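Colleague: Here it is: the structure, laid out below.
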Amino acid sequence: MRYLTAGESHGPSLTAIIEGIPAGLKLSAKDINEDLKRRQGGYGRGNRMKIETDQVIISSGVRHGKTLGSPITLTVTNKDHSKWLDIMSVEDIEERLKQKRRIKHPRPGHADLVGGIKYRFDDLRNALERSSARETTMRVAIGAIAKRILKEIGIEIANHIVVFGGKEITVPDKLTVQQIKVLSSQSQVAIVNPSFEQEIKDYIDSVKKAGDTIGGVIETIVGGVPVGLGSYVHWDRKLDAKIAQAVVSINAFKGVEFGLGFKSGFLKGSQVMDSISWTKDQGYIRQSNNLGGFEGGMTNGEPIIVRGVMKPIPTLYKPLMSVDIDTHEPYRATVERSDPTALPAAGVVMEAVVATVLVTEVLEKFSSDNMYELKEAVKLYRNYVNHF
């Protein structure tokens, strides 16, 4: 499975083309729109989310509610584009119109300045538009399709916030993936402990009032994953490495860990490794899951536990100092529409990219033209593992 996305933040639309989805997967626009709505939710989102009510258009690869095995084309219209017709015009326009929303005061922490230097732009909006997190709309849409496939083969996925700014959320022990999904969806800040809800909302309000932003840590959990996805044979076939790349590719993500992650660097081996046991009903199991479901770059049958850290959104309503690229004089950075935090939305994106990587790996191991063959292949493999 592979995909390509295209589109600018204030352009006419966002587009994705996906290749490699097996035929026979039940799929409708509603399945995708549900996740697009989740991405637009969450406490602390800004005015852009009030303008855009994302709805996907499926224009190829699906007929009568089922995939055809051919490339799938997805499009999401940017409703806000109607206010940007001149600024985002494909055709050349008058110089005075170009100057209306020209960006020449790059924002620290964004792609503005480096992108402008790399591609020789005199208007940094050219970098801003594509580097915007608006692009993640399409990765969520793609992830929604991936999650449909995972569900068909008994794999479920969920996410929740474990750190909001500097506030760590206490997570109840031994929650299932389904329980995490339900609790997180019931929270406006995507947490699983309701006792922290109001505290986090108040914190977001105070940060917004101060013209500042906050980041945090998001945890994604995947259950029902077969043993042996990924490989130890080559560096670029390790599945945890692929997931790490996908997570850090999300806008504003600066780090990733699995299981105990960086904490394992402070412990002894006897405190970190997961003891192995065997039962007639379950086969091989681990007595703990400190390694987050991976050994040797391969899934070991335990739930995948991966966390990503998101830096605070760089656009500040009380902007930091920058430089005017025309005069090189000090100047306050440009202010674009932004949010005090986008952690709940980022969790939906993280869930989507992890699901997409997993489906790509599943389809590589269990190469199938249609969903019937895929489900049979996975079923046969699970039976083999249970009797190993």
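From the backbone N, Cα and C atoms, a Cβ is placed for every residue, glycine too.
For reference, Swiss-Prot lists these features for the protein:
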{"type": "BINDING", "residues": "Arg39, Arg45", "note": "NADP(+) binding site"}
{"type": "BINDING", "residues": "Arg130, Ser131, Ser132, Asn251, Ala252, Gly296, Lys311, Pro312, Ile313, Pro314, Thr315, Arg337", "note": "FMN binding site"}
Colleague: What number of additional C-beta atoms lies within 10 angstroms of the C-beta atom of Ser132 (FMN binding site)?
Modeller: 19
Colleague: Measure from the CA atom of Arg45 (NADP(+) binding site) to the CA atom of Thr315 (FMN binding site) and give the result in Å, rounded to a whole number.
Modeller: 13
Colleague: Most Cβ neighbours within 10 Å: which of the binding-site residues Arg39, Arg130, Lys311 is it?
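Modeller: When each Cβ's neighbours within 10 Å are tallied, Arg39 leads.
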Colleague: How many Å lie between the Cα of Lys311 (FMN binding site) and the Cα of Arg39 (NADP(+) binding site)?
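Modeller: About 18 Å separate the Cα atoms of these two residues.
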Colleague: Sequence gap of 6 or more, C-beta under 8 Å: which same-chain residues meet both conditions with respect to Ile313 (FMN binding site)?
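Modeller: Thr213, Gly215, Ala252, Ser338, Asp339, Pro340, Thr341, Ala342 - these are the non-local Cβ neighbours of Ile313 (FMN binding site), listed in sequence order.
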Colleague: Cα-Cα separation of Arg39 (NADP(+) binding site) and Ser132 (FMN binding site), in Å?
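Modeller: Here the two Cα atoms lie 15 Å apart.
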Colleague: Through the lens of DSSP with three states only, how would you label Thr315 (FMN binding site)?
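Modeller: DSSP call for Thr315 (FMN binding site): coil, neither helix nor strand.
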Colleague: Take the Cβ of Thr315 (FMN binding site) and count every other Cβ within 10 Å, whichever protein chain it belongs to.
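Modeller: For Thr315 (FMN binding site), the 10 Å Cβ neighbour count is 20.
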Colleague: Assuming the binding residues for FMN are exactly those in the record, Arg130, Ser131, Ser132, Asn251, Ala252, Gly296, Lys311, Pro312, Ile313, Pro314, Thr315, Arg337, what is the maximum CA-CA distance in angstrom, rounded?
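Modeller: Taking every pair of listed residues, the largest Cα separation comes to 44 Å.
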